[in-house]
């Protein structure tokens, strides 16, 4: 069974899983990968001005031969040119007359948030995009935006995984109250980039119970929070694995809570640094080792949380 859709605050339907062309896909020809995603059941394709993949997304759409109405296309304004110039360039590159979703890629893309968002509202009114949204907006960013916005963003796309759930919980609650859908990218980083962390054990236990992979459990957990998914892969098998999440038994409330609690402990580097701090305090571990651990932690932090 394919993933379904959710109704946005503007009345449009939004597919709850997307194939993304950022991450390791950006700055390269992704035509074959997008084609493969479409062939295997992805109808929602996510790109961005910054990724430099819009042209290749357009080629894959053309090669698919599918009617425009069967595909959902998201791209993002990444601050090159004005929003009005950028959306026209994106439409030309993808080969479309309209977008399904046009996002502000980061708050920094709109230095004047009020007037910049008015540009987005006008593009929606003019039919250049059916929906408008934001990406990487914090709670404070959204609160500032909604003070003057006439049209609320329909979606906020953020990095979301068990290790940052606790820090994002207030943001999720606010989005829910404002009827703004949260869409997650980087969810699998919690187990692929930080193996050996506290989340692994509880995810593996849930995977054994429902006959799933750890990746599928992470996506099931994301869905349990009412959050949509952006993911990517170069292999057909991975894409099929991700889409099969829809057919899995749901996680239990206890399993969801266990993942929440494990995530709140933080990824492995945080536990390592915390342990060495305690050892230095009580067992006089050499200060050099503590400094090295902290430096390693900072490097990992900025890599993982980019």
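A Cβ is built for glycine as well, from the same backbone N, Cα and C atoms used for every other residue.
Quick caveat, the model's predicted, so the values are computed rather than measured.
Lifted from TrEMBL, the feature list:
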type     : residues : note
DOMAIN   : 16-262   : domain 'NADP-dependent oxidoreductase'
ACT_SITE : 51       : active site, proton donor
SITE     : 76       : site 'Lowers pKa of active site Tyr'
BINDING  : 105      : substrate binding site
TRANSMEM : 287-305  : transmembrane segment
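Features as recorded by TrEMBL, highlighted on the structure.
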| residue | record | Cβ neighbours (10 Å) |
| --- | --- | --- |
| 51 | active site, proton donor | 23 |
| 76 | site 'Lowers pKa of active site Tyr' | 28 |
| 105 | substrate binding site | 21 |
Length of the line joining the Cα atoms of the residue listed as 'active site, proton donor' and residue 76 (site 'Lowers pKa of active site Tyr'), in Å: 9
Pairwise Cα distance for residue 105 (substrate binding site)/residue 76 (site 'Lowers pKa of active site Tyr') [Å, integer]: 5
